[in-house]
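Data block below; observations after.
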Amino acid sequence: MEGVLSSLLASSLIVGFPSLIFVCSILIYYYLCVMKKKISSKDSLPPVIGVYIMRCIYSITQYWEMIIPQIKLYRISNDYIVFQCLSVVFTLKVMDYLKDGPKTIRELSQLTKSSEKNLFRVMRALTQEHIFNYNQSNQTFSLNSCSKLLTSPPPPSSSPFEQNGILSTNDEELGCIFSMLSYPTFIDAWRSLKECIESGVSGFQAKHGMTFFQYIDEKDTYIKKIFDSAMRQSYATKIHTQIINGYDFSKYKKVCDIGGGIGFLGFEIVNHNANTCVCVLELEETVRNGLEQSKVDEKKQRIIEEQRLVFKTGNMFIPRSIPSANLYIMMQVIHDWNNNDAIKILSSVASTMRMERNHTGQSPKLLIIDSILDDNINNDTYKRSCIPDIIMMAIVGGEERTLSQWGHIIKESGLQVLTIKKFNRPPFLSLIELTIQ
């Protein structure tokens, strides 16, 4: 044990102190600048410095886990327990009850019809994880910046989406994503992960006997509403802003967003490009969801009335159902599918693009917005998409792909790469611009 502690101390001296000195220096400099009024106290630290600080902290934690591997195993086990605790209090709507202000555990247990003792133990554990705040003097729990992200929308209106608690008015909230991940149907799919690995089909299909998309279309339309709404909350990563700033949409008059959900990216494109119209191609149920949810936003409703954005029912596997356009977009669509289906989808789009070229004499472009895994499995950037890749495997039967894997399905579909642009901010997607061969 003494040897382990000595190694830990040595690693702290080697790895921790330089990082700690750097972080402290930045904070002292920031404080002095505030004192001298060179910058406002409300200004945040520059993003680069913030990212570096987080990397320093992460690297120190990672180094300790390498020295004492038991720490890693305990952390992984604890993470699962924390998720279960958080899932329960989320289901009990504890966050919603705390929106009006701090409450004692007795008040919370009465509101949630729960065991006061057991609820307190769970809340205490989540407080230690900095998900809630606890005031020792008056023994009340309250929301913090983390738990506020998991509150529901304002009181229900006539909209069925608000009545179901899945229409969030705050782009920063993550309630819909958490609802989806903690939904019993999803949990059952994770319990079938062993069957997924053994059989090669998704855990969802192993458990429910059909694919995820078949299930939400045929058996459980409520989870489809959650799924569609959860896609909105990718706004929390500001990915749509990255895309708008990272690609010139203004040179395209007609854009078709294939599998564009309820129009999140489409509305952003229209808002920033006055001469561009967008067609969102989706399945019938999603089109209904998109039109319904757009009704609560006056700006979106006006855009639809002006026909600058239209929803169209179609099937991306069938070329004739894909409308003509100058630019086709597929944002995080291909990763939902295995290679055979991905090639079928891309071939279908390529066929439509070829018909458009024969008709107009101009070749449309296809913009794929998706993750690209690093070919080197030991590269730190590989970690960014490994967990999403497991989600694809277990739930929808799709996968995240390396550049060489992307190259294979693109070539097999009769397409070729023009440009690739990688974003260096979460969720670390890439823009792959394609044309027909």
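Including glycine, each Cβ sits where the backbone N, Cα and C put it.
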Given Swiss-Prot lists GLU282, ASN315, MET316 for S-adenosyl-L-methionine, the same-site residue among GLY246, GLY259 = GLY259
What is the biggest Cα to Cα gap, in Å, among GLY259, GLU282, ASN315, MET316, the residues listed as binding S-adenosyl-L-methionine?
-> 9
Which are the residues of the chain, GLY259, GLU282, ASN315, MET316 excluded, whose CB is within 8 A of where the CB atoms of the S-adenosyl-L-methionine site average out, their centroid?
-> ILE258, LEU281, LEU283, GLY314, PHE317, VAL333
Cα-Cα distance linking HIS335 (active site, proton acceptor) and MET316 (S-adenosyl-L-methionine binding site), given in Å to the nearest integer | 14
When DSSP states are folded down to helix, strand and coil, where does GLU282 (S-adenosyl-L-methionine binding site) land?
-> strand
